[in-house]
Amino acid sequence: MVLEQDLDPFVGGNWMNSAYKGFTFLSATWLAPNIYLLISGCLQYFYEVRKRSHYFHFRRFWTIWLKSLVIMVLLFTHIYDCYKTNESVWNVLSIITYFLALFLHVVEQPTLRIPMASLLMFWLFKFLASALVLLLRPNYTMFPMLNVVPSITFFCSLVCLLAEIYVPPANRVWYPDDAAELEETGLRPSRFTYANIFSRISFGWLSPLMKFGYRNYLTESDAWSLPPAERSSNLTIVFEKNWISHAKKKKSSLYMWGVLFLNHWKLTVVIIVLKLVQDVVAFIQPNLIRKIVIFVSSYSSEHPQPPQVGFSLAIAMFLTNVVQTALLQQYFQLGMVLGMRWRSELITAIYRKSLRLSSAARQSRSVGDIVNYMSVDTQKVCDLTMFLFVIVSGPFQIVLALTNLYHLVGYGALSGAFVTFLLFPCNVVIASIFKRFQNRQMKNKDARSQFMTEIINNIRSIKLYAWENIFLQKLLQLRNTRELRMLKKIGIVNTIGNFTWLFAPILVSAATFGTFIVLYGKTRVLSVDIVFACLSLFNLLQFPLTMLPIVVSSVLEASVAISRIYGFLTAGELDSNAVQRYPANKEPSGVCLEIKKGTFSWSGPGQNAAEPTLRDIDFVARRGELCCIVGKVGMGKSSLLEACLGNMQKHSGSVFRCGSIAYAAQQPWILNATIQENILFGLELDPEFYEKTIRACCLLRDFEILADGDQTEVGEKGISLSGGQKARISLARAVYSRSDIYLLDDILSAVDQHVNRDLVRNLLGSKGLLRSRCVILSTNSLTVLKEASMIYMLRNGKIIESGSFTQLSSSPDSQLFQLLSEFSKKDTASSTGADTPLSRSQSVITSSTDVTSSASRSSDTVSNYPKATIKGTGRIRKRLTDEDNVKATGQAAEKMERGKVKWKVYWTYFKACSLFLIFLYFLFIIGGIGMNVGTNVWLKHWSEVNTQLGYNPKPYFYLGIYTLFGLLSCALISLSSLTITVFCAIKSCRYLHDSMVKAVLRAPMSFFETTPTGRILNRFSSDVYRVDEVISRVFMFFFRNLFQIVFVLAVICYSSPMFMILIVPLFFLYRYNQVYYTQTSRELKRLDSVTRSPLYAHFQESLGGLSTIRAYDMEDTFISENDIRVDTNHRIWFLYFSSNRWQAIRVEAIGALVVFSSAFFGVLSAVRGNPNSGLVGLSLSYAVQITQSLTFVVRQSVDVETNIVSVERMLEYIGLPSEAPSIIPDHRPPEGWPSHGAIKFDHYSVRYRENLPLVLNDISVNIKPQEKIGIVGRTGAGKSTLTLALFRLIEPTSGDIQLDDINITSIGLHDLRSRLAIIPQENQAFEGTIRENLDPNANATDEEIWHALEAASLKQFIQTLDGGLYSRVTEGGANLSSGQRQLMCLTRALLTPTRVLLLDEATAAVDVETDAIVQRTIRERFNDRTILTIAHRINTVMDSNRILVLDHGKVVEFDSTKKLLENKASLFYSLAKESGLI
C-alpha cells in the first residue's frame, strides 16, 4: 500500500481511480466502510432482522424519512459523479452500499428496538473516512466535484449517524409489545432496550431517569420495566432444562456451578474477554509514564525530544484511561447482570422446589432455613460475580506485571515473582481460617434469626406468661457470647489479611529493587524512569494480590451456599403418583375418593422413622355424602386428610381421587390480602355465587362490622381477624371453588355454637349448599354426626369402626355409641377463637340481625353454578409492595425515609462507636496515608540521587528506609481498619441491637398486630447485618479513599502548581456529578430494600400454606406471583447497579482529566525549561490511582447514606412506644398477691387503638374470691377483650380494674402477669424441649411437671417419646397436634401458682373424652381459685356460679345460671336455646 505523500491518486481528475498510481491509503479508507456494510449488514439481516416480526408504522418513525432523504442525496451525488467522471467501479460499489443501507433502515426501525450495529458503525466509519479524506487530500480547484463528494458524504454521514443514535423520548411507546406491557403492568419499557452501542457504553440510556431522580423523589412506579432477557420466567425455562439434564442426575454440587455457567456461557465469555482486554490496556499506562518521565528527563540533557511527542503521550494517557474505564464498567455491568440472572434462577428454583417438597424434607428444615436459602445464599452467589473472574484475570495481570518488570529490571523481576508466589500460601491460610469462621458465623446468625422469629411469632404468649426477660437473656446470649465474639475473631483475621495484602507490594518492590542492585548495581542505574514505571506496575500488581485471596474466599463461601441450595433442590419431593387422579364422577352416588389398604407416614422411604402414622386404611367417600372422621387428640384425623391430598409418604395401598379438591385446614391459612381476594383465591368473581357463599358461611354480619367490609386488608396471617372469622373465610374459599371433593379439617371447632349450627344447616346438612358434593370432615363435634352419611373412627392410626350414624349409635358395642351415651347431654360443638382479637378495627356490633342464609332454605346447591375459572391475570391479589395505599383496617405501610439522612443519626452512631475510638481511627488513617506518600517521596529522592550521580550510592540504606516507611504505613492503615471494623463496629452494633430488641419486646401488642412479622425480622436480619459488618467497612473505605485523594491532589499541585487552576472547576464538576448521582442512587437503594420485603414475605407466606396451595392446584399461580415479585425487585436493582456504572464512567472521565492535566503540565513545565522528572513521575504514579479513588468516594458516599439508613431504622424501633414498666419499685405487690382472687371492674372502658371505637364500654363488675364466672356473648361482644384488659395487653381509656383491692395499673406488668394464669386461645409452642416449653423459668421439679402432665392427659403421650420431658419440639410445635398444644397450655396453667385463672376456650381442639377429663381436672385442681371462663360453647359454663353476658361491649346480664335461664327474655336464655341446651 502506498501513502499519499509518495503517490497522488487524484492526477487527471479521477480521484478514486487506482489504475493510475496504485491502491492508496485514502482509497482503502474510503472503501472500507462500504465493504464492511456489504458483509456485516447482510449477515445481520439474515441472522437477526429477517427472523423478527415487522410492524410497519412509518408515520411514527420520522427518522426513517430523514435517513431516507439523506441517502437519496448521497445516491444522487454518486450517480452524478459517476456520470461526470466516467468512473463506474467505485461509484457503483458506493451506490449498491447506499441502496443496502436504505433497505436496512426501512426494515430496521419498525423491527428492532435498537439500531443495527452494522448501520451504526457504517455511518461512523463513513463519517471518519470522509473527514480523513478532507484533511489529507489536496484541494484541486480544477475539479470541484473532487471537493463536493467527500464534503457531502461528511455532512450526510453525520446526519445519518445522529439520526441513528437518536433515542425516542422516555414517554413514548413505539412497539405493540411495549404498549401491551404498559397497559397490563403500568410500567414503561426500559430505556436499555432502545439503547444503541454508544448509549450502552456511556450508560446514556439511564440519563432520563437520573435527571428525573435528581428533581423528584423516585417511587417504584417511576422505575422502568425489566429488559425481557432478564425476566425470571424467561430465565427459568433454560435453567430447568439444563438442571434436569445435568445437575439433578449427578451427586455433586459442582454440577450446579456447571449449569449456572452453561445457561449463560456466551455472556461469561464476553465478560472474561472484556476483563482481559482491560488488563492489557491498564498495563499500557506504566509504559506511558516511563516515556513521559524519559521525555521530561530529555530536557535536562543536550538532546530534548520534540514537544509534540510529550503532548501526544499526554493525550495517549487520557485516551488509555477513557478506554480502560469503558471496558472496566462494561465488565462490572455484565458481571452484575450475570449475578442477577443467577439470583433470579436460584430464587425461582427454590420457590418451585418448596411447592414440591416432601413432608420428610420439609420437617428437616425450618422456615427460617428455607428463607435463608432464598435470601442469604442466593445473594452470596450473586455477589460473587462482581469479582469472580479475577480468578482468570488475576494470574494474567501478575504475568503481565512480571513481564513488564523483567523488561525494566531484568532478573530482579524474578525475586518479585518469588515473593509474590511466597505470599500465596499465607493468603490461602488466612482465607481458609476466614472461611471457617464465616461458616460458624452463619450458623450463629441462623440460630439467632430463628430464635428471634419464634419470639415475634409467639409474642402474645410471651407477654401473657411474662417471659420477656427469659427470652431476652437467651437471645442476648446467642448474640453477645457467640455471634459478636466470632465477629471479633473474623475482624482480627481480616485485619491480618489486610496487612499482608497492603505490605505485599512493598515486599515485592523491595525484593525487586534489592535484586536489581545486587545484579546490576554496578552497570545500571536505578533511575527515575525505571523506579516510577516499576512503582506503577507494583500498584497494578497490588489489585490481583489483594483480590485473589478474597475472591478465593468468596468462591469457597459461595460454594457452601451452592451446596446448601443444591442439597435443598435435590431433597425429597412428594410422590406425584401417591394419588391417582381421574375426572370427576358425575354419578349421584359415585365414588369420589377411595383409599385401599393404605399405610402412610410423615417420613420418607429409607429414613429411620417410627411406626407409620396411618395403617391399613380402607376409606371410601361418595358423591352427595358427608363423611365424618372422629377420634381422640393425636389419633390421625388430620393425617388422613393429608393422605387424601397426597402430602404423606405412602408405603403401601392405593389412593384414588375423582375430580378437583377444596381444602380447609385446621389452622386456617389466610393471605395478606383483602377478604374477597382470600375467598376468590385467584378465581374470577361471580357476584351471584359469591354472595351465596358468604351468606352460607355466615360472613355477612362480619362484613357489616368491618370498616371496609370484604375489602378489608386482613394483614399478615389474617392478624386483624378472629379465629372464627379466619375459619369461615377459609371455608368460604373452599365453597367458592365449586370443587368436586371438600376436605374440611375440624372447621367447626373455630366458631360459636349458633354459627356452628348455621354452617351445618347452610352447607353440610341435607339442604345445604354442598349436599351434591363429596364432603369429608374431621371433627370432634358430635352434633354434626347426625347429618353424616358415613362415620369413620380412628384410634392409633387405624380405622377401628365405620358406618352410618344410625348403625353406630344403635350398636351397644360401638365406640361411638359409648361416646354418645356419655355425652348425650352435652353439646360438643367447639371453638378456638370466635371473638375478635386485639387488632380489630371495630368491635361493636351494630346489628344483631339473624344471618341465617337463604341457602339453608332453598334448593340451591353448588352444582347449579358454573365451574369456577381462574383469572386471566393469574394473580391472587393486586398489592405487591408496601408503597401501595392500604385501607383503614390494613397494616400500615413501611416507613421509608426520603432525602438525606439526618446528621443526628450519624452523631448517634459515632457516639455508639465511642468518640475516642473514632479519633484514634482518624489518627491512624491520616498517619498511614501520609506515611505512604512519604514512602514514594523517599523513592523519588533515591532515584533522583541515582540519576544525578550516575550510579547507586548507599543502596541498602535507601532500600531499608523505603521498606521501613512502607511497613509503618501498612501497620497504621491496618490499625485503622482494626479500630473501626472491630472495636467501633462491635461496640455500636451491641448497643443498637440490644437496645432495639429490648424496645421491641417492650412494645405494646398493637405494634405487632399492625406490623408484619417479616418487616420486624428484616430489622433484626438485614439491618443488623449492615450495622455489624457493612457500615464500618464502608466508612473505612470512604475515609481512606477521601484522604488518598487529598494527598494525591497535594502531590500533583506540588509537582505542577499550574494544576491548582483546575482544582476549583474540577471540584465543582465532580461535586455536581456526585449530587446528581447521589439523589437517584440513594432512592433506588431504598426502593431495592423495600421491594425485597414483599418477595420474602410471599415466600414465607407460601411455606405456611403449602397444603392449601397444592390442594387447589394453584402452584402455577403462586409461581407466577413469585416471578412478578422477583422481577419487581430486580428492575429496581438493575437500575441501581446501572446507575453506579453511569456515575463511574463520568467520574472516571474526570479522573482521566486529572491524569491528562498532570501529564500535560509536566510536559509543559519541561518544555518551558523547568524539567523535574522525579516530581512528574511521582505525580503521574499517584494520578493514575485517583481515577478509581474518585469513583469509590462517590459510590461510598452513597453507600454510607444507604447503609446508615439501617441505623436510622434501628433507632426508629429503639424509639417505639413502650408498655408500662415491668416493675415499679415503689409499687411492688405483697408476696403471695393475689391471695384471695377478688376482681373488680369499675366503670372500665377500653379501645384497641386511637381513633377506634370502644370495645368495652363502662364495665362495672364485682367478682368474689373463688367464684367461677362464665363469660358469654355473640361474636364481637368483647369476651376475649376482658382477658386482654386483665393482663393489660391493652390499657384502659377510663375506669380501672382492682385485683384484691390493688389497682392493676399501679403495679408493673411483670408483677401483674406473672401472678395470673391463663389458657389462651392461641395454643403456641416454642422450639426446644417439652420441659422448656412448660417451665422456661425452671421453677418446677420433674416430678411436679409429670404430675401436671398427668392432670392434663398428656403424660401418656410424653412417655411414648424417646426423650420424655427432654424430647424436642420443632418450630411452632409442628410435631404436635393442635389439641396436644392446647393441653400443653393447660399444663402451664397447672404449674402456675396463682389465685386467678382465665380460660379462653381451653378445650376447643380436643376430643369430647379428653374434654371431660380436662373439665374434671379444672374443677378439682382449681376449686379454690377464681376462674373466668370465656365460653363459645355454652355447655362449658353451665356449672358456673354466675354468668356474665356481654353485648356490644357492655354488660347486659350478670347473674346465676338458674336465674338467667328462668328469664326467657334474657340474652343468655336465647344463646342457650340456639345452642340446643333448652
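Counting starts with 1 at the first residue shown.
The backbone N, Cα and C atoms fix where each Cβ goes, and this holds for glycine too.
Using a 10 Å radius centred on the Cβ of Arg1274 (ATP 2 binding site) and all shown protein chains, the other Cβ atoms total 22. According to DSSP, Arg1274 (ATP 2 binding site) is assigned to coil rather than to any helix or strand. The ATP 2 binding site annotation in Swiss-Prot covers Gly1273, Arg1274, Thr1275, Gly1276, Ala1277, Gly1278, Lys1279, Ser1280.
Taken from Swiss-Prot, the feature compositional bias 'Polar residues' applies to 829-840.
According to Swiss-Prot, the domain 'ABC transmembrane type-1 1' annotation covers 268-557.
The domain 'ABC transporter 1' annotation in Swiss-Prot covers 593-821. Looking only at the domain 'ABC transporter 1' (593-821), the predicted model's pLDDT averages out at 85.
According to Swiss-Prot, the domain 'ABC transmembrane type-1 2' annotation covers 918-1202, on the basis of sequence analysis.
Annotation comment: Swiss-Prot describes Asn86 (among others) as N-linked glycosylation site.
Marked as N-linked glycosylation site by Swiss-Prot: Asn139 (among others).
Per Swiss-Prot, the feature region 'Disordered' maps to 828-867.
Residues annotated as topological domain 'Cytoplasmic' in Swiss-Prot, with similarity to another entry given as evidence: 47-65 (among others).
Summarising the annotation, Swiss-Prot assigns topological domain 'Cytoplasmic' to 105-116 (among others).
Per Swiss-Prot, topological domain 'Cytoplasmic' is recorded for 176-259 (among others).
Residues annotated as topological domain 'Cytoplasmic' in Swiss-Prot: 332-387 (among others). Within the topological domain 'Cytoplasmic' (332-387), the DSSP-based counts of helix, strand and coil residues read 48 helix, 1 strand, 7 coil.
Look at Swiss-Prot and you will find 433-495 (among others) tagged as topological domain 'Cytoplasmic'.
Under the heading topological domain 'Cytoplasmic', Swiss-Prot lists 561-910 (among others), citing similarity to another entry as support.
The topological domain 'Cytoplasmic' annotation in Swiss-Prot covers 991-1033 (among others). Beyond its flanks by at least six residues, the topological domain 'Cytoplasmic' (991-1033) meets 375, 445, 448-449, 452-453, 455-457, 459-460, 462-463, 468, 471-472, 475-476, 479-480, 487, 672, 715-717, 719-720, 837-839, 882, 891-892, 894, 909, 912-913, 980-981, 984-985, 1089, 1092-1093, 1096-1097, 1100, 1200, 1203-1204, 1206-1207, 1209-1211, 1213-1219, 1222, 1248-1249, 1284, 1289-1291 of its own chain at Cβ-Cβ distances under 8 Å.
What Swiss-Prot lists as topological domain 'Cytoplasmic' is 1077-1147 (among others), and the listing cites similarity to another entry.
The DSSP breakdown of the topological domain 'Cytoplasmic' (991-1033), given as helix, strand and coil counts, is 38 helix, 0 strand, 5 coil.
Long-range contacts of the transmembrane segment (496-516) within the same chain: residues 405, 409-416, 418-420, 423, 426-427, 430-431, 434, 524, 526, 534-535, 538-539, 541-542, 545-546, 549, 935, 956, 959, 962-963, 966-967, 969-971, 973-974, 977, each at least 6 residues beyond the stretch ends and with a Cβ under 8 Å from a Cβ of the stretch. Cβ neighbour count for Gly1276 (ATP 2 binding site): 27 (other Cβ atoms within 10 Å of its Cβ, all protein chains included). Assigned with DSSP, the residues of the topological domain 'Cytoplasmic' (433-495) fall into helix, strand and coil as follows: 59 helix, 0 strand, 4 coil.
Note on the topological domain 'Cytoplasmic' (176-259): DSSP counts are 61 helix, 0 strand, 23 coil. Its Cβ taken as reference, Ser1280 (ATP 2 binding site) is surrounded by 26 other Cβ atoms within 10 Å in the chains shown.
Residue counts for the topological domain 'Cytoplasmic' (1077-1147) by DSSP state, with H, G and I taken as helix and E and B as strand, are 67 helix, 0 strand, 4 coil. With a 10 A radius on its CB, Gly1278 (ATP 2 binding site) counts 27 other CB atoms from all the protein chains.
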